[in-house]
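Enquirer: Per TrEMBL, the feature transmembrane segment maps to 26-48, 60-78, 98-120, 140-162, 203-225, 237-259, 271-291. Here TrEMBL flags 41-289 as domain 'G-protein coupled receptors family 1 profile'.
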């Protein structure tokens, strides 16, 4: 439906990942498997972080929040894409599209803020370990999380409102969900205000956590260089490795997709990056944080014993060991 009046656009048509009919079952099967793995892996990580007394620390609180973000990010986009993949009707109402845009941008931005908070946690743990318990606690993590939600929600609301003010000259979205980039491409005129917002306020909200993470790791790197204990050096590197990998996975996609003028958008390439960002990364994150983390592996083993071996779960013994460990 071509139009010169925004008010005439009552729905959008999401073209999906591919227009080739023979590819739809393959796309459906692969994406469904990755989505289920992402949801189950992150849900398991949340359960372990919340139920195991040994993981009741600020770092694992932030990790559980990151897992919830990954579940939300995938669920906002993937189920609808799976339905459209096997459906002739790929339309989405105008209002639903704007709602999806708001939640996707808010949740996506929140992931960067959580990774910045986790970088600060690692910075204090390595650079000022004696004061770690006094500086980083659950109240601080809760305040950071709530403040970040307010910031990203206002940022997302601003973007969504500006998109609703655009005049669209078409309703076919070259994407599998309502993202800001393909919607800007449908604008009848160049969305100068939106582009300026992306490169100013967008950089402040979305990219500033990345620079904060870089600064934290510069300080951590300096501290590691001055470490004389091999054991301390090995522990510092192991605790930071997983986080660094997740940061690289996130920001390599975000910067390529959003921090460029609309004239240089390649929507076909952006769809491939988006599927990596919305499905592959949420699937990989719980694996990255658990495979080399002995604390998480031990907690998973205790959780499975609790479920499958009656009477093996003894909370008192965990609490006693934790008290002995902290003392």
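The first residue you see is number 1, and the count goes up from there.
Glycine is treated like the rest: Cβ placed from N, Cα and C.
Fair warning: this is a prediction, and the values are worked out from it, not measured in the lab.
What's the neighbourhood like for these features in this structure?
Expert: For the transmembrane segment (26-48), the residues of the chain that approach it from at least six positions outside its boundaries are 16-18, 55, 63-64, 67-68, 70-71, 74-75, 78-79, 81-82, 85-86, 275, 279-280, 282-283, 285-287, 289-290, 296, 299-300, 303, judged by C-beta separation under 8 angstroms.
Listed as Cβ neighbours of the transmembrane segment (60-78) (distance under 8 Å, sequence separation of 6 or more from its ends, same chain) are residues 31, 35, 38-39, 42-43, 45-46, 49-50, 100, 103-104, 107-108, 110-111, 114-115, 117-118, 121, 138, 141, 145, 176-177, 246, 274, 278-279, 281-282, 285-286, 289.
Long-range neighbours of the transmembrane segment (140-162) within the same chain, counting only residues 6 or more positions beyond its ends whose Cβ lies under 8 Å from a Cβ of the stretch, are 58, 61-62, 65, 98, 101-103, 105-107, 109-110, 113-114, 117, 121, 180, 191, 193-194, 197, 201-202, 205-206.
Nonlocal intrachain contacts for the transmembrane segment (237-259), taken as residues 6+ away from its ends with a CB within less than 8 angstroms of a stretch CB, comprise 66, 108, 111-112, 115, 118-119, 122, 125-126, 180-181, 198-199, 202-203, 206-207, 210, 213, 217, 220, 224, 270, 273-274, 276-277, 281, 284-285, 288-289, 292-293.
Sequence-distant contacts of the transmembrane segment (271-291), counting only residues of its own chain at least 6 positions beyond either end whose CB sits under 8 Å from a CB of the stretch, comprise 17, 31, 34-35, 37-38, 41-42, 44-45, 63, 66-67, 70-71, 73-74, 76-78, 108, 174-177, 179, 242, 245-246, 249-250, 253-254, 256-257, 297, 300.
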Enquirer: What mean pLDDT score does the domain 'G-protein coupled receptors family 1 profile' (41-289) have in the model?
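Expert: Summarising the domain 'G-protein coupled receptors family 1 profile' (41-289) by its mean pLDDT gives 86.
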